[in-house]
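Chemist: So TrEMBL lists the following for this protein:
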- 12-35: transmembrane segment (TRANSMEM)
- 41-63: transmembrane segment (TRANSMEM)
- 60-122: domain 'YdbS-like PH' (DOMAIN)
- 165-186: transmembrane segment (TRANSMEM)
- 206-230: transmembrane segment (TRANSMEM)
- 236-294: domain 'YdbS-like PH' (DOMAIN)
- 345-365: transmembrane segment (TRANSMEM)
- 371-390: transmembrane segment (TRANSMEM)
Amino acid sequence: MSDFERLHPMMIIQRSFQLMRSFSFVLFILLGTFWNNWTRLLLGVVVLYVVCGLLAGYEWFFFKYLIATDRLIITKGWLAKKQIEVPYQRIQTIHRQTLFFLKPFKISSLIIETAGAGGGNETLLAVKERVYLQLQQHRQAKQVGAKAKLVTEVEPQYQITAAAIWEFTFTDGGIFAMLFAALTLIDQVKTYLPNGLLDHEWKNVLNYGITAILCLLGIFMVLLMTVTLLKNLLRYYHFEVWREGENLIVRRGFFNRDTLTVPLHRIQALQFRQTLLRRLLHLTSVELILAAGKNTGEDEGINDDTFYLLPIIADQRVFPLLQQLMPEWKLVSPRLIDLKPANRLYFLRFPGLFCGALIIIGAWINIYLAIGAVGLTALVLGYLWWAAGYQQAGKINSKLLTYRTVQAANIVTLITPTNKIQQTSIHTGYWLYSTGIGHFSLEIKAGQSARKVKLKYLDLTSCHYLAQLSRIKSTI
């Protein structure tokens, strides 16, 4: 290819909608100003879209790219013209996104992630599929120092079915987060309604008795489940994973079909996440914890630090499938280490004192508050007692360590190579030291920050042994 090319003209439509979303505050201003005049409101929206279209057209006309033999060259702008050169050996990954209305035309957006701490991503917003294949061809040729070969699709090694998305939705704790968010939203909306309106309606519902209340709660929960299910169907529709060279390829999405390329060297750890229901059903979700990379800020499911590799999978399939995808890690079931934890009562000391104070204060104010405080105390102490029993560590091989803790209501197992551990620390106090007890923690890189794992109230010999294991050098 010897001449500069422009992006596909469909870029103007796609970019116009992106700009409309960026100027969403203008839409709210128009809605607040002309809410009682639909003609002016519609005219304002049309004018805004025309302005966005003109800006997108300007970007399209002055944006050109050239796929040279050794680099990608991009020029953009008119008054402030800018030329960017990206050598193929500096390209780490190429992420591909395909909107549903562009799929028949085989047009995708490419997000090109380059090496370097301060280097930003470059985007080709609407290009033909051959451009993606050519860039992958040149990138792989430069990386392996061999002749370029045609990039072809391979058979996915993991696919999620519609039934599995149902399982993922109804065994996930996210529905309770949505319930809390919905109740918070209702409380916020209440301030904008006429005084006493909700109270009046609630009294009307109470007049119909407990049956009406249960029916309303049932309808509300069904709506929440439906919204959650639709969200997961749109995000994980035809979710596919396979290995390609030194990368893991993840493809998913319904309206916006994403193809994500994850270099193995960016993987800092694997994280298994189980809710209580998933543990009973022997199901697991597997996440990747990554070093800093792609983060467009436009997709909440793609972050710098964590996203799903296997959204839902049976326990017995986890390690065999991961071994196929990542044979370098030599993944097998871990050998657990006897950590010699302290008595679980250590976990209950300070929360127990705090809850005891709540009970005393509640009894002094009102007997019903005291009863509520007793119930809360039983719930908190029961949870801490249960969580303390799941704290564990283990070895998979000389290069892989695993740590299990409880986060909220999730049982989380982290598997990380020793060379990805940023630091370890042992913390104890005067009284704990005298009894031979301490806390062990480690940090791994997650995006631009660090992810900490902490094992509490262990025998100090176990803490020092874990620290020694973490210092073993590995080459994964």
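Cβ coordinates come from backbone N, Cα and C, glycine included.
Help me picture these features in the structure, burial and contacts included.
Modeler: Long-range contacts of the transmembrane segment (41-63) within its own chain (CB-CB distance under 8 A, at least 6 residues past either end) are made by residues 6-7, 9, 11-13, 15-17, 19-20, 23, 26-27, 30-31, 34-35, 74-78, 81.
Taking Cβ pairs closer than 8 Å, the transmembrane segment (345-365) reaches residues 371-374, 376-377, 380-381, 384-385, 387-388, 437, 456-457 in its own chain, all 6 or more past its ends.
Outside the transmembrane segment (371-390), and at least 6 residues removed from its termini, the chain residues within Cβ reach (under 8 Å) are 341, 344, 347-348, 351-352, 355-356, 358-359, 361-363, 404-406, 411, 457.
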Chemist: Within the domain 'YdbS-like PH' (60-122) only, compute the mean pLDDT.
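Modeler: Taking every residue in the domain 'YdbS-like PH' (60-122) and averaging pLDDT yields 83.
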